[in-house]
């Protein structure tokens, strides 16, 4: 059995990950931790998550539990994620990162760190969303420059980063499909007298409201018609299930960064 350490164990995603780990035949929930000052520290995580004790006591920080597991699953915050990645690299522990909002510099550091540990890093671990990424690239390549590309994403009002990592990945895949550099053509805000739309630009717009789990639509709009491809999440369980799948797949792999295309066997599609 692969022993799993869950970061932010008492949080919303940490609890959903716990359920998916418990349901996975190859995984064992071995350790949990929270940041200093969290009221869950010192308590049995089973009572918090499952309503009954499972013998896993919430530690203070990753270092306090790093020896207890084989792989860390993290859906916390980008600065915390990088701290955990440095610790994972030091100890040679595998890590699954579902945190979004990592900066260019943080991603570069993560790549360097991955020489010392295997890591799955993905903006979205849903099977359907990763299929959507592939569809975005292939559709953009087929339709070409005659179709405007726009992306709309919606999430709950507690989400800290915008646009979502999923929306950015969608835009990157579409840009690849039409041979563009997203850094040059991405548009994230429109306000005032902006003039006509540049036919090469890719728009990415954001909504934040109430308890929306996550919705993404990519539009390919041409003269007289448009194609919309959408994904709507009804719960966080599909993210958590993907993370559990990634954890089971990752342990024992060579050091380096992998993504969900690797985990799901989608690289060549």
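Quick reminder: no glycine exception, Cβ is built from N, Cα and C everywhere.
Site annotation for NAD(+) in Swiss-Prot covers 8, 9, 10, 11, 12, 13, 98, 99, 100, 122, 123, 124, 125, and the matching candidate from 28, 34, 83, 150 is 34. Of the active-site residues 155, 159, 155 has the largest number of other Cβ atoms within 10 Å of its own Cβ.
Of the listed binding-site residues, namely 8, 165, the sparsest Cβ surroundings within 10 Å are found at 165. Note on proximity: of the recorded positions 12, 122, 155, the one nearest residue 165 ((S)-2,3,4,5-tetrahydrodipicolinate binding site) is 122, by Cα distance. Sequence-distant contacts of residue 124 (NAD(+) binding site), defined as residues of its own chain at least six apart whose C-beta falls under 8 angstroms from its C-beta, comprise 98, 130, 165, 166, 169, 239, 242, 260. In this structure, the C-alpha atom of residue 156 ((S)-2,3,4,5-tetrahydrodipicolinate binding site) lies 13 angstrom from that of residue 12 (NAD(+) binding site). The record gives 156, 165, 166 for (S)-2,3,4,5-tetrahydrodipicolinate. Within 8 Å of the mean position of their Cβ atoms, the other Cβ atoms in that chain belong to 100, 123, 124, 153, 155, 159, 161, 164, 167, 214, 216.
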